[in-house]
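Visitor: Sending over a structure as structure tokens; questions will come in a sec.
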Amino acid sequence: MSKLRMVLLEDSGSADFRRHFVNLSPFTITVVLLLSACFVTSSLGGTDKELRLVDGENKCSGRVEVKVQEEWGTVCNNGWSMEAVSVICNQLGCPTAIKAPGWANSSAGSGRIWMDHVSCRGNESALWDCKHDGWGKHSNCTHQQDAGVTCSDGSNLEMRLTRGGNMCSGRIEIKFQGRWGTVCDDNFNIDHASVICRQLECGSAVSFSGSSNFGEGSGPIWFDDLICNGNESALWNCKHQGWGKHNCDHAEDAGVICSKGADLSLRLVDGVTECSGRLEVRFQGEWGTICDDGWDSYDAAVACKQLGCPTAVTAIGRVNASKGFGHIWLDSVSCQGHEPAIWQCKHHEWGKHYCNHNEDAGVTCSDGSDLELRLRGGGSRCAGTVEVEIQRLLGKVCDRGWGLKEADVVCRQLGCGSALKTSYQVYSKIQATNTWLFLSSCNGNETSLWDCKNWQWGGLTCDHYEEAKITCSAHREPRLVGGDIPCSGRVEVKHGDTWGSICDSDFSLEAASVLCRELQCGTVVSILGGAHFGEGNGQIWAEEFQCEGHESHLSLCPVAPRPEGTCSHSRDVGVVCSRYTEIRLVNGKTPCEGRVELKTLGAWGSLCNSHWDIEDAHVLCQQLKCGVALSTPGGARFGKGNGQIWRHMFHCTGTEQHMGDCPVTALGASLCPSEQVASVICSGNQSQTLSSCNSSSLGPTRPTIPEESAVACIESGQLRLVNGGGRCAGRVEIYHEGSWGTICDDSWDLSDAHVVCRQLGCGEAINATGSAHFGEGTGPIWLDEMKCNGKESRIWQCHSHGWGQQNCRHKEDAGVICSEFMSLRLTSEASREACAGRLEVFYNGAWGTVGKSSMSETTVGVVCRQLGCADKGKINPASLDKAMSIPMWVDNVQCPKGPDTLWQCPSSPWEKRLASPSEETWITCDNKIRLQEGPTSCSGRVEIWHGGSWGTVCDDSWDLDDAQVVCQQLGCGPALKAFKEAEFGQGTGPIWLNEVKCKGNESSLWDCPARRWGHSECGHKEDAAVNCTDISVQKTPQKATTGRSSRQSSFIAVGILGVVLLAIFVALFFLTKKRRQRQRLAVSSRGENLVHQIQYREMNSCLNADDLDLMNSSENSHESADFSAAELISVSKFLPISGMEKEAILSHTEKENGNL
């Protein structure tokens, strides 16, 4: 019974543990085992690993060996593939996979066989990242099955294009192992061609061909079924079946045509201007068209950019010009908008199409300067029929598919708010051409109608009743009612379809000035309140017009709402404008000469000449569209006239656009004799040759009518070019008779431009621009129909129609670009940032790079300042940016301190030459915003670079949203605080911004609403500042990939697995303890019988089969009586039972375990 005693004396806690462990679910046991296996495996896979090739001809070939746990071993070749070879070649820096021999060509390896059934995708960074059976596991491989590879670093490989007429087109041939071979055309596409053209430095791929288009080759066929993504550095880096593996013959040899080897050109035909018309492409010596299938604004933008025209505004599907003929070279063109040439966009193969010439594509290119959008016939600029003028062609918009989204875009573009409705039937019929504009749709959030996609200009008809008409929310049609003379009366404004009056407290002198101008009533004379012109009826508009006075229409003025019911018709406002709106010349031989007559108070009368001078006459001639004043003859030359002689005296300066703009006095003027009436002779339609009044070689040209005040020559002979970015390019302007004016582009050509460039000392003309290429001018259009022979020394020595004689508008202002015109830019294909990139200068009509020899920080500062970027920058190393290759213009630029522009810095002579990217200058200018005098780079006083100097920001309205924009712009973390009152000291210089009101999501501070630049009443004691979170990004250096893995990841994995296993064992321990506690509670709450049963079962569970056999074989049935209570102490230690209970348990046990 000693064995039984051992059972009774055993700690029942360990018995609990064994019982619960045995009763664990299969899932729990599986998890424990898997984690244990992972723990063991990770200790193996996490060690450092290395890769090498052994016994090969060179470092890029041989038997594959892997080092694991400091022991080198081989790889079995079961399932060995080219994908695995590619991974190994890339890993070892031999990127070109040649072949995957089934067994090593060299002698067999020795030691462990570490890997078997290796399965790679080809893009893994290391061989052990591929799937395999497990370290050291293999299918009874021997070292006769050791895997090997043959790679190459590409140095012994060559490629060429043959039979194409040049080195950039032809049949593809590759030299491998000393033999030239071809490429099969199976699955060959534009991606393959792109790799080849880039590899051969032949530009971009234009086309590819198969079926031995360039003749059949000879020798091996090296590649078949290539798979390229288009960005590989060499063709042999694309996926392939292996060198020399194919199922082709030379009838399937592939070829390519690259851009540098193609005879490619693009032109526009049959357009209104040189930048509009049908598109035609020259390919392989023949011109053909482009089908309009899928043609949209992205395609048009690429075409316009390629042609050197402004941004594409219209993408014409069917043009007004005649149909093309010949080839249709391209179809289904699909551009993203950034491609440098139309043939670099996706398209069908050259010559493959499903079109006819009724579907020829075209474009109209424009930067918007020659486009005009307006609403006509609706009573104000914000309502009416939609009219579009594109490059002198006037058209209407067809309302097929026209809705509120399209109308919203028009209203927004015109500054007229949002669309109220899209039809207003009482508009007057404004005549337009039969040219119609069609839009497929707008999404409603475009900034202009030109931004809507899929324009179609012309080619289709639209009925007159289909013309698009809209009314915008800012539509306010003004009128003057109840006045006793023209241009006076009660102010009434029409909103929508309703007329209403304005309260006299809501209409300022500035608003009245705008009203008079819009009604063509000259200037405001007075504002009269208190219903001076009678009380109106109906609506009184509860809004205040907040005009500045320079607006052309009342609808352009901001409006502030006013509470309803605070005004009555007894306070209707009235306005009196200048009365001198009707004026004429009478008794002259032409409409542009004669006696001056005004209509005042409904009656015509002559004007007294007591204060009439040439400046007044200039304004009158311009108002009558008669050019400029040539003379102001006296002595009633054109008759005395009948009726009233008005004694009003005009005080014009000569620069006004309208006689009503000139100050007028009449009070106290003396009576005027009938022979003292004002007269004028305007230049009108007279044709003459004009010269400088100050020229010593040419005296003033005598007029045909010798009057004492005649002017027939330019007063000072001044000439300038405006808005061109330099003194040698821009809009041509001439100073004549006290005002600057422009030249019309009719007949404007290089001969005229040559004279301008020579006169200004700007070399020769390289471009004579028209259509207000440099923006619309103001003032007179002095000259038209210029006919220079190119030898004149002054532009006004050329023949023309004469001063002011023209039929033009400022949309036709002429301009020039001279050879000495220079411009500057930083450009980068990878970024649109204008303040970083390759330094380029424009000279003699072309862009070129700048060499970095002698380039200094001082020179970089000059460049950055000239570009308005910052006051300094840094020189970057040669960029990998794939910027277009262009020649170098200049080198050795050495700027001393002081120059404002790069043009003032000495350098080597201009010399156009080819240069390598390493010789070019790459610059990054500093940020236009900075923080000063703070403890870190992300806190301090806010300063902005603008207008060539650093300045501060006033703290009026400055808050955390403004600070957030600054922090984001500087690359710092979120804003912590927005400081006021010069927290980081007072700055110097201008205070550039005030009343900044950011939302917090703007990309830069100058995108936030604020007062105009430099308009501030603040002092530097109000300088704004910020405190941003200071983000310090520390880059962890990466270990070079040489076949060795990092130990760090292995340690981490082992640690995690250990923690998981520990957690599982702790959970089992607490589970056991908790169950024992429940059992104690159960025993104490039950009766004695239950206690006896539980104890019996617990004892029984601790006895194995041998114990039971021993007890059953006992011959002395009374041995059990020898057990004493003392021998059961170990039981009572775990179950609190009495002595009687112990005896009962013993007796019960004897009865159950044998018939003693």
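Cβ atoms here come from the backbone N, Cα and C positions, even for glycine.
Copied straight from Swiss-Prot:
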- C89-C151: disulfide bond (DISULFID)
- C197-C258: disulfide bond (DISULFID)
- C335-C345: disulfide bond (DISULFID)
- C398-C462: disulfide bond (DISULFID)
- C442-C452: disulfide bond (DISULFID)
- C503-C567: disulfide bond (DISULFID)
- C516-C577: disulfide bond (DISULFID)
- C621-C682: disulfide bond (DISULFID)
- C652-C662: disulfide bond (DISULFID)
- C744-C808: disulfide bond (DISULFID)
- C788-C798: disulfide bond (DISULFID)
- C998-C1008: disulfide bond (DISULFID)
- 478-578: domain 'SRCR 5' (DOMAIN)
- 583-683: domain 'SRCR 6' (DOMAIN)
- 42-1050: topological domain 'Extracellular' (TOPO_DOM)
Visitor: Would you pick out, from the disulfide-bonded residues C462, C516, C567, the residue whose Cβ has the largest number of other Cβ atoms within 10 Å?
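Guide: It comes out as C516.
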Visitor: Nearest to C998 (disulfide bond) by Cα distance: which of the disulfide-bonded residues C258, C682, C744, C798 is it?
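Guide: Ranked by Cα distance from C998 (disulfide bond), first place goes to C744.
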Visitor: Cα-Cα, whole number of Å: C682 (disulfide bond) versus C577 (disulfide bond)?
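Guide: Distance (Cα to Cα, whole Å): 27 Å.
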Visitor: For C89 (disulfide bond), which residues in the same chain are close in space, meaning a Cβ under 8 Å from its Cβ, but six or more apart along the sequence?
Guide: C60, P95, T96, A97, V149, C151, S152
Visitor: Of the disulfide-bonded residues C197, C462, C516, C621, C744, which one has its Cα closest to the Cα of C1008 (disulfide bond)?
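Guide: Checked the disulfide-bonded residues C197, C462, C516, C621, C744; minimum Cα distance to C1008 (disulfide bond) goes to C516.
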Visitor: What is the nearest of the disulfide-bonded residues C197, C258, C398, C744 to C662 (disulfide bond), using the Cα of each?
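Guide: Out of the listed candidates, the nearest Cα belongs to C744.
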Visitor: Quick check on the domain 'SRCR 6' (583-683): DSSP residue counts for helix, strand, coil, in that order please.
Guide: 13 helix, 32 strand, 56 coil
Visitor: Using Cβ-Cβ distances, find the residues under 8 Å from C197 (disulfide bond) that belong to the same chain and are at least 6 apart in sequence, listing them in sequence order.
Guide: C168, G203, S204, A205, V256, C258, S259, K260
Visitor: Would you please pick out, from the disulfide-bonded residues C452, C621, C998, the one with the fewest other Cβ atoms within 10 Å of its Cβ?
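Guide: It is C452 that, of the disulfide-bonded residues C452, C621, C998, has the fewest other Cβ atoms within 10 Å.
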Visitor: Determine, using Cα-Cα distances only, which of these disulfide-bonded residues is closest to C652 (disulfide bond): C398, C442, C577, C808.
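Guide: Looking at Cα distances from C652 (disulfide bond), the smallest one goes to C577.
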Visitor: Pull the DSSP breakdown for the domain 'SRCR 5' (478-578) and write it out as helix, strand, coil residue counts.
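Guide: With helix first, then strand, then coil, the domain 'SRCR 5' (478-578) has 19 helix, 38 strand, 44 coil.
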Visitor: Using DSSP with the three-state reduction, classify C744 (disulfide bond) as helix, strand or coil.
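Guide: SS state of C744 (disulfide bond) = strand.
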Visitor: For C345 (disulfide bond), what is the secondary structure state per DSSP, taken as helix, strand or coil?
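Guide: It is coil.
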Visitor: What same-chain residues, at least 6 away in sequence, bring their CB to under 8 Å of the CB of C442 (disulfide bond)?
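Guide: Listed in sequence order, they are K405, E406, D408, V409, L449, D451, C452.
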Visitor: Does C744 (disulfide bond) have same-chain partners at least 6 apart in sequence with Cβ under 8 Å from its own Cβ, and which are they?
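Guide: Listed in sequence order, they are I781, L783, D784, E785, Q806, C808, E812, D813, A814.
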Visitor: Per-residue pLDDT averaged over the domain 'SRCR 5' (478-578) comes to what?
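Guide: When the pLDDT values over the domain 'SRCR 5' (478-578) are averaged, the result is 83.
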Visitor: Relative to the Cβ position of C151 (disulfide bond), how many further Cβ atoms are located within 10 Å?
Guide: 26
